Ligand SMILES: Nc1ncnc2c1ncn2[C@@H]1O[C@H](COP(=O)(O)OP(=O)(O)O)[C@@H](O)[C@H]1O
Ligand SMILES: CC(=O)N[C@@H](CCC(=O)OP(=O)(O)O)C(=O)O
């Protein structure tokens with residue numbers, strides 16, 4: 001009797017979808033219908049999200065300054081409280097509401113829930129209260145997935161002392177994809193993929209991406225996306241896509257297929 005994986009497991013397809021703050025507030029009915037269709041086709045969905053614009057508005061209302069470095073928000077003690085309350089208190093429940101309204105069973109989570117995302121400071125002197133992912137509670141996610149519930153994860157990590165740490169949404173998405181061995185990662189943003197010299201790229205490879213970063217064609221908020229994508233690809237996740245809300249964009253593969 002062979003013990004090949006395919007003989008013991010029904011083929012599962014698992015997709016992590018990250019919804020960027022840039023596009024989150026404008027998603028329409030047809031976007032959620034598309035998600036529902038993906039789910040009905042048998043794909044297991046895990047949703048993560050950011051919320052940069054909502055955080056910016058809240059910071060401005062309260063007069064707290066912040067700036068980005070390499071696409072990552074340098075997060076002061078005053079800022080982390082606002083990031084935490086905005087993502088967990090506002091953005092996450094609003095998204096869960098939209099999903100459940102669309103008929104998708106969903107439950108909101110953040111790094112504190114069941115120690116979902118245990119984090120440590122990325123580099124406190126440089127970035128302040130920004131985290132890097134140490135561990136992901138995959139059994140919690142597996143339990144929800146097998147119950148047919150879509151986990152909706154806000155990008156807040158918790159350190160071992162219970163301090164909230166801000167983690168870029170793209171980084172959380174790729175770390176979750178790696179932890180649960182996803183078959184694909186979909187980063188939904190406000191542009192239809194990677195644009196180089198005014199042209200959207202339908203395909204990309206790690207070597208092109210490294211070149212585009214060096215030449216300055218990829219910058220700011222696109223950096224954590226492609227960095228997460230490269231990590232996923234090198235760990236064996238077959239495909240990462242960066243797309244707009246119509247799900248059209250750039251597919252990043254380890255190598256160009258058939259070309
Ligand atoms: N080469 C590139 N192609 C497309 N967008 C890019 C590129 N380089 C930088 N960007 C910027 O990245 C932005 C998307 O990142 P971000 O604003 O952080 O979105 P999100 O909130 O979805 O994470 C785009 O709107 C664009 O301004
Ligand atoms: C550390 C860090 O950069 N955290 C991000 C978290 C939100 C996010 O990633 O939002 P988007 O999806 O809109 O980019 C921030 O504070 O903006």
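Heads up, residue numbers simply count up from 1 along the chain you see.
Glycine is treated like the rest: Cβ placed from N, Cα and C.
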Say TrEMBL lists 51, 52, 166 as binding substrate: which of 62, 73 is in the same site, per that record?
73
Extra residues within 8 Å (Cβ to Cβ centroid of 51, 52, 73, 166), substrate:
21, 50, 55, 75, 83, 87, 155, 168, 169
Cβ contacts of residue 51 (substrate binding site) (under 8 Å, same chain, 6 or more positions away):
21, 24, 86, 87, 90, 91, 154, 155, 169
Could you tell me which of these recorded positions, 18, 73, has the fewest other Cβ atoms within 10 Å of its Cβ?
73
Look up residue 51 (substrate binding site) in the DSSP assignment and reduce it to helix, strand or coil.
coil
In sequence order, those binding-site residues of 51, 52, 166 whose CB lies under 6 Å from ligand 1:
52
Cα distance (Å, whole number) from residue 18 (site 'Transition state stabilizer') to residue 166 (substrate binding site):
16
